[in-house]
């Protein structure tokens, strides 16, 4: 055999002082700069059928193990320069026995010397006994290790968590397709020492008693390792002071922590992990501090708060003792097992100082095609996560096939002959997909079938088919074998089996592994490869985790979050965000930190006018929970203004005393646990005063609070707290309430906050080379990024953060496409969203990207979400180490030109504006919001720009509200009327500043537009009447048939105009006064609802209801604002809500005919011809007289002009006549009729 230098030893020797290490046939030689501590000869063992007589490929070779300076170099020597099995397939392995348990920290591989043989990937497994192997996984997921790309280079991997084992096994997965499996192996580590005891159920245990007088410390730590095959048993029990006790026990393979009071209930409860009965070592650390416990199992830590109260009598009994091994049991650093070995009087018990656990060989079915073929045998126990799967298939002596399978987590037996089901099946057990071991017993005697699960605890099913059934001969297929001789109706089994029996004897699965018994494919023998993907749970925010053999699922219902891991909040972070989604005032859930730990809170958002307010009400009968208070503090920080009322009503109860003395009362406020505040509402922080002290009007000038006067009369100190760092109020301490005669009451109002500084936080990038940089983004397991952008460019990188190999990037790749790309070690992945409209339209667009251990998603505006699943069993830790670049890249290429706003990473908003102030090429803020949000302003509302946001100006709209969406309605009674007076043009121009600009508009319009909505059951009725200085008039009415009519009289020579909604006005004629029939109709009054009355730019009803003091209106009778119009359509401009006007052939001249209006809500829109009107009066009779304005011509034009009447024919549809009358026009007001 050729000499072989240990692979990778040159670097190892340089670091650890080893000059060289040669492996030779029949022995070894070495030279070292330090003393050799230990030499061991170990025989390599592999499959028996792989051994060859050829010395160049013989698998029995020598292994030299060299311990130097507490490190170990293992040189594997084989013929032809390395190990190469006779057959290259995935059923080969190389096993190394290190002689004793060793702490292994790294492995290195190299191809076979002078050949084209190397491994490109492999698995590592470890064992203490040579059985029950455990696969080593990186990041709890990655099972394989990348190998070599040639035969000469050395690839070394440091294990993230050192493995402690005696045996190491390497299993080839892939190798050079042009060669064979070839390997040189080196492992690194150090000796491992431990103290072990074996505990048996029913008698074994250790008891440790503290010495008398031992001081109790504020911190206690217990640590140990354990392994067991039993899924239940008390692992640790500790008695404390005041009757408290702590219990750590296994229940169904899960570790359960209970903190119990002798006089109270079990008040602390925590469960961790599962599958802890796998006969592998698990590390447990229990740390008690003054107010909480930390429990760590393997690498997962949970914290539980200790209670501070004692309740009713309660005692717990634990009778199920632990059966297994415990290693290195430490209490506050003391090794209790070592003390027991030395017979220390503080430690007593009956234990064995060794670990002699019996070993059962298991077999894993990792895939749906995995199968095991055996002579007749029965599965004794199995475990799985899948609710369905085929456990066994066997033939019957009478003909036919029987299937034993899982269906909805229950065991079922079906029998078929040909394609016909001859036995409908029998069910047994329930919830058999819980990952626990379940035993199965299938018997058939005299044609009677019995299936028993978990020794009858899980259920027994009996059946007697109508034909004889005999089992126990032929072959049995376990798993999902498919082929010409085997037709399966069910999915294959994925899980573990053990304790298979053949003729009532255990099946030797090692003989199966060596191909000496039965047949198999795609199995893992001598191990159970089940994984608990829900411990620790990757589901965030209380999402419920469930799993199958290969994946886990998160149920996010009722959590307030969504996504594959319940990471992203379904709620907005502020009222401002809801407002810009088009929402109006109401109760909303807001999640102030997005995907952070603070949960959503129900608040009231008041979005009327120019403000939008968070309202948080919490009573002070108890201290609010830290969860809620954290949310309040977050709102306080990101809001522009916050306030909270604090008042104290007192009678002989002092509050703050004097400036020099200690206050009687104080309150806690601000972030964290809060700070003591000694000022009261309306005063300044640190002043130790109340509002009256600041204003100098206290009832006693010698004191700074009214209550400090200590009088027998009731008085109060109240005001608003507005200092944001002191808010919210967390708790109150009232000190002077115990004296005889003292009485007091307090009030802590809701926390009111306005504005959202984060929502409008923006930066403008005016060059492709400009960027902002921030600290490294940490989103190892879950990362969500959201922002808004607007641009005129066609490409640009929004965000980029790099690592050594990993990266994350979001970019605009074209004018219609956004790409989210990243690499967590599995190779670059991309998620793309394509838009049907250009994204460089200088309008705001929203981007939301998320990456977690299951998938990556990308959302663009309201387009469907794009998803990219993560590779199965791949890397999932995102490791970044450079600065985070916003608006550009480290290479300063493909930078973004435009605006980025409200950039949030994992719920934290980056302050772009502050960083932009000190960065060349970037400007803080970004104007121009109406282009994106202007459409929110409805009903002729105008969008006006603001520095941070926009505002809907409703002054020219008949509607009100934050988006001009709220109807202005009023209920009218028979005696109600509203009069609106218009001034002449020259008067308007003289007094243009006297009234709001919305009342008057340009007087040169060529037409008039009237719109209104009404609801009534009355007919006939007069809705609207308009008269002018020149005795012209306009009337809208409902006739006795419920049809709408319009009647008018105008000056001659004016032509009819076409209405905006296709109504055609009839010709006009002269009239000298109001028609007596109209007057008679108006005298009957109107009862009903009128809303959104609009005449050109004038909203007379809105002016009368909202601005009666600043508008030229007069009201008689009761006029009450109401929401009577909201029950009908709120949008008078929608087609389905508009009553279209048309001219009927039966309608006489001077009359409009409309469709039926009764019992409905209609909105006629009419365009009137231009006329000469000096003063226009809308008389809203018994429901509403709508103010309207006609356009003017100069009065001088008509001074000497005569007005001719218009002759109207009588009509049965119009119950009164029209009289034409010519009169000279004067400047006096015509006779008006009010109702």
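Backbone N, Cα and C define each Cβ position, glycine as well.
Note that the structure is predicted; figures quoted are calculated from it, not measured.
Features of the protein shown, as given by TrEMBL:
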- 83-190: domain 'F5/8 type C' (DOMAIN)
- 197-355: domain 'Laminin G' (DOMAIN)
- 352-528: domain 'Laminin G' (DOMAIN)
- 530-567: domain 'EGF-like' (DOMAIN)
- 566-611: domain 'Fibrinogen C-terminal' (DOMAIN)
- 761-926: domain 'Laminin G' (DOMAIN)
- 899-926: disulfide bond (DISULFID)
- 927-965: domain 'EGF-like' (DOMAIN)
- 1166-1192: transmembrane segment (TRANSMEM)
- 1203-1235: region 'Disordered' (REGION)
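Packing against the domain 'EGF-like' (530-567) from elsewhere in the chain are residues 254, 272-275, 278, 300, 364, 366, 383-387, 435, 494-496, 589, 591, 595, 599-600, 781-782, 784, 850, 852-855, 857, 872: each is 6 or more residues past its ends and has a CB under 8 Å from a CB in it. Here the domain 'F5/8 type C' (83-190) is broken down by DSSP into helix, strand and coil counts: 0 helix, 63 strand, 45 coil.
Each residue in the domain 'F5/8 type C' (83-190) has a pLDDT score, and their mean in this model is 91. Less than 8 angstroms from the CB of residue 926 (disulfide bond) sit 762, 763, 764, 790, 899, 901, each of them six or more residues away in the same chain. Counting every protein chain shown, the Cβ of residue 899 (disulfide bond) has 22 other Cβ atoms within 10 Å. Applying DSSP to the domain 'Fibrinogen C-terminal' (566-611) sorts its residues as follows: 5 helix, 13 strand, 28 coil.
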